[in-house]
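What follows is a set of notes on a single structure, which appears directly below.
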Amino acid sequence: MWRNSRSFSSKLRSSSSSSNPSTTTSIFTFYHPIGVAQPCLRALYPYTSSLFSSLSLSASSSDPIRLGFSNSHGVRGFSSVADPSSLASSSVVSRAREAVNLSRHYGRCYWELSKARLSMLVVATSGTGFVLGSGSTVDLGGLCWTCAGTMMVAASANSLNQVFEIKNDAKMKRTHRRPLPSGRITIPHAATWATSVGLIGTAMLATKANILAAGLAASNLILYAFVYTPLKQIHPVNTWVGAIVGAIPPLLGWAAASGQISLNAMILPAALYFWQIPHFMALAYLCRDDYAAGGYKMYSLADATGQRTAAVALRNCLYLIPLGYLAYDWGITSGWFCLESSILTLAITATAFSFYRHCTMQKARRMFHASLLHLPVFMSGLLFHRLSDNKQTMKEDSSKRMLDDLVQDDRYNAEKIKTEHSRGVAQGRRPPVAYASVAPFPFLPVPVYADS
């Protein structure tokens, strides 16, 4: 075996020395047969090292690099070719992969900064307001522009909220993994994102809808980011201010569709305002330890038993009951919505009453889940049972016709009484015009006539 290895290496040396340098391919030979002993490798080392040096000197800088045995020896090892074009293509692929990963990273950060699911709920309320304010025909293009602008403004407000509350979010278990506390994105980057989408969304509403809708969007952004957000660390009244913020988007949608704000436009904002109180009271009770760790002044933190928190939630659930009747009475929906809304509101009121009787985490969680179900069903009922302009006009005309009939009946009765009165006077009957008292019975009235 020793001799075979020696002769094989000498053959390799002779073949490499006899080859023409101009036609020599750069061949780096690695031959490690299984079972070769260590002494054999040490004996082969001087020959293989000289072979490597001679072959590397004969390589051309422009030739591709080949790893393996030459075909002239009849032995096949492993071979790989790496030319400049393949290197360039691999670099392009790596750069493309880096760009995709970077876009995914920032896309995820923007999604979490915007609180996308909450922003989509805001868009849903704004879109519902737009449909309710459209009348008989709905402008789909205007609806899309309004929803897009509302989404941008809501994303801006939520992003600014996280910029201002980065230290508080870092202390809470529920929020410490957000992009800013976790360090996945910088504060200037998040502030730039929030400002840009807010301005674009407001400009979109101003150009594609109207100035009134854009003004409502901008005022709501300011109210949420610069009033409600710092107030959360100052006073428990922040819950009621936040309810005002949540009630404005459907008003925005109505204004974008009709260009004005009427009394009928207040049904859905009122429902959202009263709905948010039990919703956030349940959430604040469930997460009060987390809110206390974050430094927020929530109403439930000053209520050890939870009785007052449950009472506030129950009271606002009761305020929701007449809204279905008002929607029917004002001609916005049919009578079926009045019935459905009453049943739906009584259901959430029952969960609030259960929470009031037994202030436990389980009851609060049940009321929270009921509030999550209440809002989409309520808005769906509004859209399904809404009356178009023609039906509203027919209802108003019928009401006006009934009123005119009543007025005409009153006029007819008045004319009839007047006619009978004139006939009585003509026949000599004198109607009394006043009463007087005559002694000795002063308590008995005596008729006094005009001609006596």
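The backbone N, Cα and C atoms fix where each Cβ goes, and this holds for glycine too.
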Correct range for transmembrane segment (source TrEMBL, candidates 28-47, 368-387): 368-387
The transmembrane segment (334-356) versus listed stretches 118-134, 140-164, 211-228, 240-257, 308-328: most Cβ pairs under 8 Å: 308-328
Winner by Cβ pairs under 8 Å against the transmembrane segment (368-387), considering only 118-134, 140-164, 185-205: 118-134
Among the ranges 118-134, 240-257, 308-328, the one whose Cβ pairs under 8 Å to the transmembrane segment (211-228) are most numerous: 240-257
Long-range environment of the transmembrane segment (118-134) - Cβ separation under 8 angstroms, sequence gap at least 6: 142-143, 146-147, 150-151, 154-155, 158, 246, 249-258, 264-265, 268-269, 272, 332, 375-376, 379, 382-383, 386
